[in-house]
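Down below is the structure, laid out as structure tokens.
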Amino acid sequence: MRESLVAILVTVISVLGAIHQVKSHEDQPLSGIAVHKITFGLNEKAYVKASPTVLGSNGQHSELVLVQYSSPKPSDDDWIGVFSPADFNASTCPGDNKMVQPPRLCSAPVKFQYANFSNPRYTNTGTGSLKLQLINQRSDFSFALFSGGLLNPKLVAISNKVAFENPNAPVYPRLALGKEWDEMTVTWTSGYGLNLAEPVVEWGVKGGERKLSPAGTLTFARNSMCGAPARTVGWRDPGYIHTAFLKELWPNSKYTYRVGHRLSNGALIWSKEYQFKSSPFPGQNSVQQVVIFGDMGKAEVDGSSEYNDFQRASLNTTKQLIKDLKKTDAVFHIGDICYANGYLSQWDQFIAQIEPIASTVPYMIASGNHERVWPNSGSFYEGLDSGGECGVPAETMFYVPAQNRAKVWYSSDYGMFRFCVADTEHDWREGTEQYNFIEHCLASVDRQKQPWLIFLAHRVLGYSSTYFYAEEGSFAEPMGRESLQKLWQKYKVDIAIYGHAHNYERTCPVYQSVCTSHEKSNYKAPLNGTIHIVAGGGGAGLAEFSDLQPNWSLFRDYDYGFLKLTAIDHSNLLFEYKKSSDGRVHDSFTISKDYRDILACAVDSCPATTLAS
């Protein structure tokens, strides 16, 4: 037994010892563990014990584990690392993880916490305990005690194994709008490959007959990643991602569903039951409420993984969205989704965090730099922001109604809204495939039925006075407005919303950097320009504004928050900015217009005419 434990410990050291050789983006807490100075310090008087050993006995997919530990030489910088899979065997490491010299790497810790977190007297007593939340991630777990802090860790002891009763169970369903207005998609994750079970959804109108619909299955392998850490230290098997298409839905109706798998012996494994409300018919005159934000990320409710506080506010945003869920019809998370940055275990933790939201209302995404950017991968920008993911996890974990899911631009109709979602990680300039899509999306909407035309993108293509855009001198992505403002103006886009800059900012209705209205809160059409919003305060660390506040910048807030658009009817729209800390409205405006206002000419918004015409 002891020889086996020592072998595991030695291999854990190998795992950690290689992490320093691959640098991830500084935003990822796990990348802060500088373990290149690690030493082996197994101590017979030290121990780590975890209980219960079997989780999810009542069907739950997250559970608190009590971790008790003791060290004969305690220190304030001792910490507990959580590992999954629990065993670390160097013989299982893939070939492309060979290091110049031993040790070799298998996988990174899932999360960590300091040993004195719940016991300030840890250095006196040498004992402590933590309650750590684990989620079902398709494998078992173990817990390791380290001394020496994050910068000079010494492995002291490792625990028994802990596992969920059914690690393959279907978990974390997430809804998305389909390509047709009467279609809803449901995506979930499991450990069941097609060789083990067939994925199915049981669904129907609430209180009515239910039917079974099949689901497609996707996954991806390590060699689908573009670089480290996603391809090396951060790699973790994503399991299987299943998507079913629920079609011919009645408008504005409540449906119930559950996801599951039919095993080879005919037995069915089911999730718990969920419900959603289907979309209204395009143009249907009913109150419709949509939430929009970017750059949220994830955080641990047990306080772990806190090398920094970069995304702690994401829990506040999530909490407020859940609190207001009954008054929300759809959510758009416009890029920088979970900041996994190549540590793939974080994707499971993110979809678990948003499950109460995404299982109830459509959770639509846009592509951000932290999902897509990687050198020589076809992204519009160069950089290491995705940690080697190059878009693959995001494009697989979440369904979007795009023609090509590797090019995350698409249109979505919800009642009186038309959303045109751009992909700023691919070229959007005039003459490109995406530019043609954007124009088609804006031009093809019937504004008599869907008067509210909203443009969404991750990077700021319009206006922002965030310091890094001010330093560019463009107050936006270079080439952003240059290519697109004539489309916004021509097709009378009401509001354009972006993330990327981690703050909140609202402009006046603006065209070519000039305000086209001096009103600030109650707009009456025609606006003769587009209102631009930065909503990048979903939860990731905030970004400062420049000292200069341009004339077009009406409202700036250095805080976390999200937007809510309410289409009251075809003539009235309410815009609200709510803070994540309290859920209260801190900025708002209304737009009132009639169909004739959309038809009327404004500067550069009508076809050219001649004397002959």
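The chain as shown is numbered from 1 upward.
Using N, Cα and C of the backbone, Cβ positions are placed for all residues, glycine too.
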Original post:
To which of N341, N369, N376 does Swiss-Prot also attribute binding of substrate at the site defined by H500, A501, H502?
Top reply: N369
Subject >> Site-mate of N369, H458, H500 for Zn(2+) in Swiss-Prot, selected among D329, D336, D413 >> reply: D336
Subject >> Site-mate of D336, Y339, H502 for Fe cation in Swiss-Prot, selected among D295, D385, D547, D557 >> reply: D295
Original post:
Do any residues at least six apart in sequence from N316 (N-linked glycosylation site), in the same chain, have a Cβ closer than 8 Å to its Cβ, and if so which, in order?
Top reply: G539, Y560, S580, S581
Original post:
When the number of other CB atoms within 10 A of each residue's CB is tallied over all shown chains, which of the binding-site residues H458, H500, H502 has the maximum?
Top reply: H458
Original post:
Taking the center of the Cβ atoms of N369, H500, A501, H502 at the recorded substrate site, which other residues in this chain have a Cβ no more than 8 Å from that point?
Top reply: G294, D295, G335, D336, G368, H458, R459, V460, T466, Y498, G499, G536, A543
**OP:** Under 8 Å Cβ to Cβ from D336 (Zn(2+) binding site), same chain, six or more residues apart: give me those in sequence order, or none if nothing qualifies.
**Re:** G294, D295, M296, G297, G368, N369, H370, E371, H458, G499, H500, G536, G538, A540
Original post:
How long is the line from the C-alpha of N528 (N-linked glycosylation site) to the C-alpha of N116 (N-linked glycosylation site), rounded to the nearest angstrom?
Top reply: 59
Original post:
Residues near the Zn(2+) site, D336, N369, H458, H500 excluded, by Cβ within 8 Å of the Cβ center?
Top reply: G294, D295, I334, G335, G368, H370, E371, T424, R459, G499, G536
**OP:** Fewest other Cβ atoms within 10 Å: which of the recorded positions N116, N369, N528, N551 wins that one? Let me know.
**Re:** N551
**OP:** Let me know how many other Cβ atoms fall within 10 Å of the Cβ of A501 (substrate binding site).
**Re:** 26
